[in-house]
């Protein structure tokens, strides 16, 4: 009798990706976040679909339609808050997933890493456009400020911004196109996730030791399916606690005021997951310089494989690199805190110092320390 799971053209792909996949026997809970990201993406697409059924992409009715979802639609409030806080869960998992890749040297799987960077940019673009849709004060002014950054591009900047706006300011055309993009991008993300997994399964997963694990593999199911299901349970617990007890904890109160082009909020800031980038952007007094720093603060991930000068892949046996890695994480926390503060005396200097340290650690200090550790292997 033929085994359908192993022979059916469609089931064979699923089987080789999720059931009979040979996986390293020692991957820790830090490897759970890939599946959690998949769960977050699924949640966002499902809740987003239901929200799109009731939302109207028009400046006059967008704010009211979101209010209508929360008040009149059956369980609309939970769908809306699952979607809003689901984005926070998504980015939390995303940052941990990238941090894991940096710590354990997963960036040596070049294709997987590069597709991951493209995914990060796409998810960030999607989240930004989603934040604009409720058409509250912070939505409107966030859209104005961020799109305006493109005007720093020499020669074509102003034309580019007006082309994106669909007019001379953020208006009805902007809301409509942002909704269209926000709707289509998650499906593009899904396609890129398939490519990400395709490249990952070509090489196999990295392991905490950073050594080849071909000699010691175990089937993905049941060992890692049960482990992933536990991670999912904990994520669901965190998400539901957030949604049901303090749904607005991570949001901005200004977004409960309808957009008013005549009244600028005292402090325009993005959601928490973009604050580190906002702090880097603000720390440079020049507009073009700030935009470039913002862009390269994320694109810098692409050159990390080139800066990897260590003889060992993982940081597990490199105490100095570990120390610098945790300084980098603390620095990112500092940048996130600074991004949420007003632009005044102590915060400006702290932000500039943290921004310089961020780039210095990645570009100069860590590669040098890697070389020192290589020398230490001979002592």
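Including glycine, each Cβ sits where the backbone N, Cα and C put it.
Here is what Swiss-Prot says about this protein:
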TRANSMEM  33-53  transmembrane segment
TRANSMEM  77-98  transmembrane segment
BINDING   83, 182  heme b b562 binding site
BINDING   97, 196  heme b b566 binding site
TRANSMEM  113-133  transmembrane segment
TRANSMEM  178-198  transmembrane segment
BINDING   201  ubiquinone binding site
TRANSMEM  226-246  transmembrane segment
TRANSMEM  288-308  transmembrane segment
TRANSMEM  320-340  transmembrane segment
TRANSMEM  347-367  transmembrane segment
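Positions of Swiss-Prot features highlighted on the structure.
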residue : record                   : Cβ contacts under 8 Å, 6 or more apart
83      : heme b b562 binding site : 44, 47, 48, 51
97      : heme b b566 binding site : 33, 34, 37
182     : heme b b562 binding site : 48, 126, 129, 130, 133
196     : heme b b566 binding site : 112, 115, 116, 119
201     : ubiquinone binding site  : 16, 17, 21
Range from 33-53, 178-198, 226-246, 320-340 with most C-beta pairs under 8 A to the transmembrane segment (347-367): 320-340
Same-chain residues near the transmembrane segment (288-308), Cβ under 8 Å, at least 6 residues beyond its ends: 98, 102, 105, 107-108, 110, 113-114, 117, 120-121, 124, 149-150, 152-154, 276-277, 280-282, 355, 358-359, 362-363, 366-367, 370
Residue 83 (heme b b562 binding site): secondary structure state under DSSP, collapsed to three categories: helix
Stretch contact, the transmembrane segment (226-246) with the transmembrane segment (113-133), Cβ-Cβ under 8 Å, 3+ pairs: no
For the transmembrane segment (178-198), distant same-chain residues with Cβ under 8 A (at least six beyond the ends): 17, 38, 41, 44-45, 48, 52, 55, 57, 112, 115-116, 118-119, 122-123, 125-126, 129-130, 132-133, 143
